[in-house]
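Quick look at what Swiss-Prot annotates:
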- 78, 140, 196: Zn(2+) 1 binding site (BINDING)
- 80: active site (ACT_SITE)
- 140, 174, 379: Zn(2+) 2 binding site (BINDING)
- 173: active site, proton acceptor (ACT_SITE)
């Protein structure tokens, strides 16, 4: 079996499911166990400057093998899997030379069907790695880890010219904390790529601007039989608030570069209600306008209330569109595009309707677009990846490294 697959199967055997609303990083012990295993593997493979931080971030260096100065670049993947679905006792299935039709996932009724997932029609003849229908696969992002390490080993063994390359494996990306304790100064790269995308050719450097919005509504409860002019129903105010937002600017009505408002939770009584929203937009001005709109609605709905009744709104920015940072360094994208073309891959540029560690790192001074892993249907039992896609990702990582060295020699 290919060493790339060996590595991947080893990593998915670790249960690294992240846990939301946990203060510690990493949020689960399984992530630390995988980090320790990777630290040991990297030392055994002869990497230099191998470190493991208190927060479970592994870093290492593949030293340059050329005599001329080359910018230090980096490749980053994450240790954790989604909190949305179990990552315990992952049992991958290999489907060689896929011939079309449904793929049975383990023993039972679960199938991976081209009717539900038409991308399978494009993968005839490929080797697919699927789940057994009971867990997610963990290609997001253990495929990225396997691809990065395999690419580094091949660069070294094949003596492909390259500068210093830094690699890092981070915890808790799935719960938004991956970049929180990432030491950019210690990583010491001029730019990097997260290997955390989907199908072959994906190259992403645009993501949402993101904010979370918490709304607290305090009403006044009295006996409904004598409530006229006295009762203030917090639930009614919550309903009025939500109805003020545009009905067609929600996740289920938007795509591409559209932004949205998303009500994630609502709970309450007559006396008190709480609402939690997220706000997303690619354009910074539109993003700011959305947040202002939410404040303005709170003012309108809360106007004229008794002084003991009120609407309180707290808005926290989560992350911003990394495009603002990356367009200042166009060669980072150009190198990745050229690397893909050199590997007979058509780059697919599309916005990320979400966020990545790279978005936060880009604003910490480490420009960091995202490249593909070769995986599909993340965060659930229908997750799968192709061996061909994984090999292509390895080839692109190697080619980016080589082109960076060539570019430095020519400058």
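Just so it is clear, glycine is given a Cβ too, placed from its N, Cα and C backbone atoms.
Positions of Swiss-Prot features highlighted on the structure.
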{"residue": "78", "record": "Zn(2+) 1 binding site", "contacts (Cβ under 8 Å, 6+ apart)": "141, 144, 169, 170, 171, 172, 173, 174, 178, 196, 357"}
{"residue": "80", "record": "active site", "contacts (Cβ under 8 Å, 6+ apart)": "16, 17, 18, 26, 27, 28, 31, 171, 172, 173, 174, 175, 178"}
{"residue": "140", "record": "Zn(2+) 1 binding site", "contacts (Cβ under 8 Å, 6+ apart)": "81, 82, 196, 373, 375, 378, 379, 383"}
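In the three-state DSSP scheme, residue 78 (Zn(2+) 1 binding site) falls into the strand class. DSSP gives residue 379 (Zn(2+) 2 binding site) a coil state; it is part of no helix or strand.
Same-chain neighbours of the Zn(2+) 2 site beyond 140, 174, 379, judged by a C-beta within 8 angstroms of the site's C-beta center, are, in sequence order, 80, 81, 82, 84, 136, 141, 378. A sphere of 10 angstroms centred on the C-beta of residue 196 (Zn(2+) 1 binding site) encloses 26 other C-beta atoms.
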